[in-house]
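Notes follow the structure.
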Amino acid sequence: MTSSTTRHPSLLLIAITTVILTASLTITDAQKLPSSHERFKLASEALSQANSDTFGKYEDILMIQSGLMQLSVPQLQKAILQSIQELSDGGVAAGEGRSFQESLAAGESAGEAVQNTTSELCLNHTAEVIVELLARSGWAMQMLDAMGKPSPGITEGNIMWPGGYKQCLKVRANTSVPLHPHFSGQYCTLRVLLGGVAGGASAIPVQLGIGICAPDSCSSMDLTVLINSVLASFNATQQLLKTASVYADCVEVKSSLDTKAIVAVVICSIFLFFIVVGTAIDILLVQLPKWRMEDKTHSSTNGYSDGYGDQGERLPLLVNPDAVVKTPKIGISTKIFLAFSVYTNGSKLLSTKQTSSSLTCIHGIRFLSMTWVVLGHAFIFPITAGGMNTGPYLQEVIKRWSFQAILNATVSVDTFFVLSGLLVAYLSLKEMKKNSGKINWFMFFFHRFWRLTPAYMLVIMVYVCLSPYWGEGPFWPSANPDRDNCESSWWANLLYINNLANTDKQCLAQSWYLANDMQFYILSPLIFVPFYFSPIFGAVSSIIFLLITAIVPGALTMKDHFPPGLLPNTVQGNATNQMDFMNDFYIKPYNRMGPYVVGMLAGYFLYRTDCRLRISKIVNLSLWALATGCALALLYGLYDAYNGHPVTLPVSAFYNAINRQVWGACVAWVVIACVTGNGGFVNTILSWSALVPLSRLTYCIYLLHIMMMELYLLNLNTAFYMDDLNVVMFFLGILVVSYMAATVTSLAFETPFMVLEKVLFHPTPKDDKKEIEADQK
């Protein structure tokens, strides 16, 4: 039987807020209390004496919110004085090494448990705040005013009440007890983490929170003990404490760099040194002579050089002996510095040149898919970060047909798998053809690792070591689980097995894609090598992989009751909770390789046909209609399932078995059609030269865009309000900022290592392979 507290989790926040504000209710009718030394003990046990029946009905919560609940001030004062006496008799002791829960288990009262687990100075200062509130002290009133308070819309999901962060930090308390040192305000958040809403699995864990302005002498543990002692005395919240985690999270304002941050700054400074020196060398030794040659060439061909010829007469270039400028020989050490030149690397990044043999439409597909990924996360991340109006907004937008493209944005990742598989097969087969079936396997695997890893690891380093200094505020967590996971699981990312090992401790939540892509790349020779020697062998190998990637997800769906979409309520019965779905199904390579294999088949087709395909207009239009219809069916086919009509388990299994392969086939057709001259205006749009530089940045954007969202949302002083306009503006802002950050990251970390590979290993790819492979993500 679900308790009323579980049905209405906001009751807990109301209880906490009311307890905190009880002192302010006494101000208008305060009586003279005992001495200051006695008064300092009223904070912990006094609050637990409040009448638990007050919170027994949900209607009372609404009365509290409106300030209408009647509370007898004399009764409250009597309870406080009684608590003072109890604390005075028992004494206040420092922590004796036992937890609050252990103290309660030992049969102690909540007050005794607090005495044994909370620092004396924290208790003193907390009580002093209440004493000064009774005396109407300005700084105490400021602390009270800075605390979070119930806001409208509790029943609609407004369960984050941050209060005044900066106001709290400005508080400077002048205590009335000489023995107590002065203290400042410290902003903390009381967080209540629930596994999900009552009545079933929840797609997103529910987090309740309220801002607290506490004395800076209190630690997070002190406040956690205090608030749990209060809640333990209320009948209405005791049941909730059995299934929820209630703790205080105090914002730590970092003023100095720790050892990890210093190491990261030193490493970044070394990169900056190479960038500055490399750019200077490039301009002085390489570019400046070129510019001088161009100037002299221009002057010579127009008859203005040293009096040669008449005005307007065009002369041969070598008539002027100064037109040829010799540049010094560049050694290996200089080339290493030149690899970091912002001028050259930036020119390559912004270049829109494309060879006639390159697959130009891939740039547009890559850019649009990356935009789709950011759009999907722009809707999800504000919800997980504690946005306002999330419940009503989601209930509204999920009923829109247009929103299905957001709910099913996960297929955008499958698009990247298709492109990756297509490029691997197409380029590798062309390489084998040039070398009579031979391929440098060391360079084949090393290139991929070298291509992805340096920027990947350096981004993780910056995130782990420097992100704690990126911001502060009521939503800025003192402990970031994702960042902490990186400290313990970075090795799994380095080995590209983070989708198989430590899946519950993901470092960079989106990095599961990179692990899958690397694993597929390692397995890819099992498909394209047989294709080179025999189409039959290649077809057999491809069919085996396709069957595995269809049968396994279907069987796992039947076994573990996985839903067809992101939300568990899309399948009938008790679906697996969201985290298990993500960790045990969504990120696994055997469930995601289907589109990659389809892409490899498309790459083999382009290789065999030499990118030529002649078909009639009727066949062309029919194939476009078929691909469009299948893609729309996948995107919008779950509309009813998301809106109260879940599918049966067999249907869910069938959908999970084929949906990604079908999507891959749709994307593969778009590429084939565009490359072979059957794309029409679609190819014109996707091959637009302006999209080439944007396409080159997709890898870095994929690594950085969630960090940019975190940087913005967690630095807010008020909760992000979910509505169409705010989400769209958030998405566009994050997209632009992510491209800016990706440009810096690419020039500093990504491109230099790509150039260094050429310097150190001297590869000699042909122009067509060089053009495409340099942009492969």
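Positions of Cβ are set from backbone N, Cα and C atoms, glycine also.
Among the ranges 662-685, 686-709, the one that TrEMBL lists as transmembrane segment is 662-685. Listed as Cβ neighbours of the transmembrane segment (527-552) (distance under 8 Å, sequence separation of 6 or more from its ends, same chain) are residues 424-425, 428-429, 432-433, 437, 590-594, 597-598, 600-601, 603-604, 608, 657-658, 660-661. Comparison of 261-286, 367-385, 449-470, 618-642, 662-685 by number of C-beta pairs under 8 angstroms to the transmembrane segment (727-749) places 367-385 first. Sequence-distant contacts of the transmembrane segment (367-385), counting only residues of its own chain at least 6 positions beyond either end whose CB sits under 8 Å from a CB of the stretch, comprise 204, 394, 406, 409-410, 412-413, 415-416, 475, 510, 686, 691, 694-695, 698, 701-702, 705-706, 709-710, 713-714, 720, 722, 727, 730-731, 734-735, 738. Sequence-distant contacts of the transmembrane segment (405-429) (same chain, six or more residues past either end, CB-CB distance under 8 Å): 359, 362, 365-366, 369-370, 372-373, 375-376, 379, 397-398, 439, 444, 513, 516-517, 520-521, 524-525, 527-528, 531-532, 565-567, 586, 592-593, 595-604, 606-607, 634-635, 638, 642, 659-660, 663-664, 667-668, 671, 769, 772-773, 776-777. Taking Cβ pairs closer than 8 Å, the transmembrane segment (662-685) reaches residues 359-362, 364-365, 411, 414-415, 417-419, 422, 594-599, 601-602, 605-606, 609, 611-613, 615, 620, 623-624, 627-628, 630-631, 634 in its own chain, all 6 or more past its ends. When pLDDT is averaged over the domain 'Nose resistant-to-fluoxetine protein N-terminal' (119-243), the result is 75.
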